[in-house]
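Over in Swiss-Prot, the protein carries these features:
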| type | residues | note |
| --- | --- | --- |
| SIGNAL | 1-26 | signal peptide |
| DISULFID | 40-51 | disulfide bond |
| DOMAIN | 47-172 | domain 'C-type lectin' |
| DISULFID | 68-171 | disulfide bond |
| REGION | 103-118 | region 'Sufficient to activate EXTL3' |
| BINDING | 107, 121, 145 | Zn(2+) binding site |
| DISULFID | 146-163 | disulfide bond |
């Protein structure tokens, strides 16, 4: 058995070891977690890791894409899932409901020369494995070759549109 004078020093040593153990374990846990986005560019909103912003100054599709690229890690928005599409739709509806169409990063650089509308791609080069067409562009007589969201679908569905038209646009900022 320890003498009574040794108990406070043993207790102090034990407490010090426990504090150190907690700190070390906490550091390991923090390293395993992915770091969340700390902040979004001014005027944008986060959804998961990327941030999104609606710009109301109308531009052609090409000028809108360039405007997004001038911002850090920016591209016209690519909509990769129904959940992301719902977020973008709510962002657009919360800021403006006075426009019929909004540019997204979808375009057909082949100008319709691919069979069955297979030339469509995201300007961000994200893989296209989610589709939300209002109407399949390959079935349209005079299709545009740039993608937009249409108000008639609550900004949930994509519509091909004339690339030279001047529309508001949504940028997506990846970290």
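A Cβ is built for glycine as well, from the same backbone N, Cα and C atoms used for every other residue.
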Nearest of the recorded positions (68, 107, 121, 145, 146) to residue 40 (disulfide bond) - Cα to Cα: 68
Local confidence of the domain 'C-type lectin' (47-172) - pLDDT mean: 89
Cβ-Cβ neighbours of residue 121 (Zn(2+) binding site) (radius 10 Å): 18
Protein Cβ atoms within 10 Å of residue 146 (disulfide bond), excluding its own: 27
Residues in the domain 'C-type lectin' (47-172) grouped by DSSP into helix, strand and remaining coil: 32 helix, 37 strand, 57 coil
8 Å Cβ shell about 107, 121, 145 centroid, Zn(2+) site members excluded: 106, 108, 109, 110, 119, 120, 123, 146, 147
Nearest recorded site to residue 107 (Zn(2+) binding site) by CA-CA distance, among disulfide-bonded residues 51, 68, 146, 171: 146
Other C-beta atoms that fall within 10 angstroms of the C-beta of residue 145 (Zn(2+) binding site): 19
Other CB atoms within 10 A, centred on residue 107 (Zn(2+) binding site): 23
